[in-house]
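J.: For reference, TrEMBL lists these features for the protein:
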- Cys144, His146, Glu180, His204, His409: Mn(2+) binding site (BINDING)
- 228-321: domain 'Peptidase M20 dimerisation' (DOMAIN)
- 1-27: signal peptide (SIGNAL)
Amino acid sequence: MKTSMIFSKLVSFALILQLLNPTVVLSSSSSLSSSNGLTEIPKKFLDFAKRKEVVDWMVGIRRKIPENPELGYEEFETSKLIRLELDKLGIPYKYPVSVTGIVGFVGTGEPPFVAIRADMDALPIQETVDWEHKSKNPGKMHACGHDAHVSMVLGAAKILKQHLQELKGTVVLVFQPAEEGGGGAKKMLDAGVLDNVDAIFGLHVLHSAPIGTVACKPGPVLAGSGLFDAVISGKGGHAAIPQHSIDPILAASNVVVSLQHLVSREADPLDSQVVTVAKFQGGGAFNVIPDSVRIGGTFRAFSKASLIQLKKRIEEVIKGQAAVQRCSATVDFYNTKKPMLFFPPTENDKDLHEHFLKVAGDMLGNDKVKDMKPVMGSEDFAFYQEAFPGYFFFIGMQEENSPKLSSVHNPNFTINEDVLPYGAALHASLVTTYLLEAESKLRPTEGNLHDEL
């Protein structure tokens, strides 16, 4: 009787300890949630992505896209191709979203929801690369790797579809229009189709980094940016009698010089900022002072506060310097065709950074995961990061013994198609392990505990 009572108290005490400090005992069906299982997933997915039939499939899709490059919000044929492949994979989707966008779903259809994103638009560049799948649309080219991004997200979708049993939630496939200045990411958010997303991952090909490597960092990785357009108006006249004119070229020249002082004299030297005047249009004759001059450019910074301050001061300087020279000025941060959107800085979530380091290290090796410095380029992926945690990284595609690849936004830009399986496997691994980790965090609170006694 006494022994029975002692045993009963020990059992009660053990149960109390278990409730206060729960230890999850996984069933065999959840074995992939173990640390070993999570470590194996990236390698397994990369092996799958490198299968010849999978690589050939991704390459085939990728080569169709650059033949018919389409600018922002005009990606109708690209969108049609993506939907055809999703139909073949048996993946449901919503279309149209923000004109040409697509949002697909793989998994349980239940929370948590984690997204991967591909941009679809091309650039207004005349391609000079002479190859079998050269652009058939004059003045348009996939010169920023978006064709590869689409192929890699479709490749990830194929991997996920083949491993549905490992998805403990839903992966959202985001194919967005108009990344190149059109703010397609913001339009996708405004459509409300991503309201339940908990996190998002995106990538960009990097011509200068070796194949099989990735580059990343927590916090600001790309700058926020804005555009400005200004008209400085004076009074035209003969160049030989300038006293009868009000010279807008002189005023505009003073404006350009003064704008440079916003960074050199007003900004914190440790807070990187850029103001560049890249357009200066005025006059058409050697001996005529024009009535007006148009200037325009871009400003960039790594914080939203700095962007707002730059915008304020750019307008003040342009109008003030014009007035000094007896001219008037109008400053436009928008135009009549489409908003000149302010792109916020691309800032990587610190928790997702740790998750990325683990997954990429397991797949490629820790020595292949490189730290990168912030870059003054901008990305509308930042709009997603304002709505929920997001992570944006770069993936290398330079072969060691091959000629150097051209940079993006260049008419000679090319894709090393060996990068496709790496991107597809990373996308699929990041979201699969994210969902498994989310499930393991939730399970103790849901009472899924095994009483070993």
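Each Cβ is built from the backbone N, Cα and C atoms, and glycine gets one as well.
Curation plays no part in TrEMBL annotations; they are all automatic predictions.
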J.: For the domain 'Peptidase M20 dimerisation' (228-321), what are the DSSP-based totals of helix, strand and coil residues?
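T.: Split into helix, strand and coil, the domain 'Peptidase M20 dimerisation' (228-321) gives 40 helix, 31 strand, 23 coil.
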J.: What same-chain residues, at least 6 away in sequence, bring their CB to under 8 Å of the CB of His204 (Mn(2+) binding site)?
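T.: Those within reach of His204 (Mn(2+) binding site), by Cβ under 8 Å and sequence separation of 6 or more, are Gly145, His149, Glu379, Phe392, Phe393, Phe394, Ile395.
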J.: Can you name every residue in this chain, apart from Cys144, His146, Glu180, His204, His409, with its Cβ inside 8 Å of the center of the Cβ atoms of the recorded Mn(2+) site?
T.: Asp119, Leu123, Ala143, Gly145, Glu179, Val408
J.: Just how many other Cβ atoms lie inside 10 Å of the Cβ on His146 (Mn(2+) binding site)?
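T.: The Cβ of His146 (Mn(2+) binding site) has 26 Cβ neighbours within 10 Å.
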J.: Judged by the number of other CB atoms within 10 angstroms, which among Cys144, Glu180, His409 is the least packed of the binding-site residues?
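T.: Counting other Cβ atoms within 10 Å of each of the binding-site residues Cys144, Glu180, His409 gives the minimum at His409.
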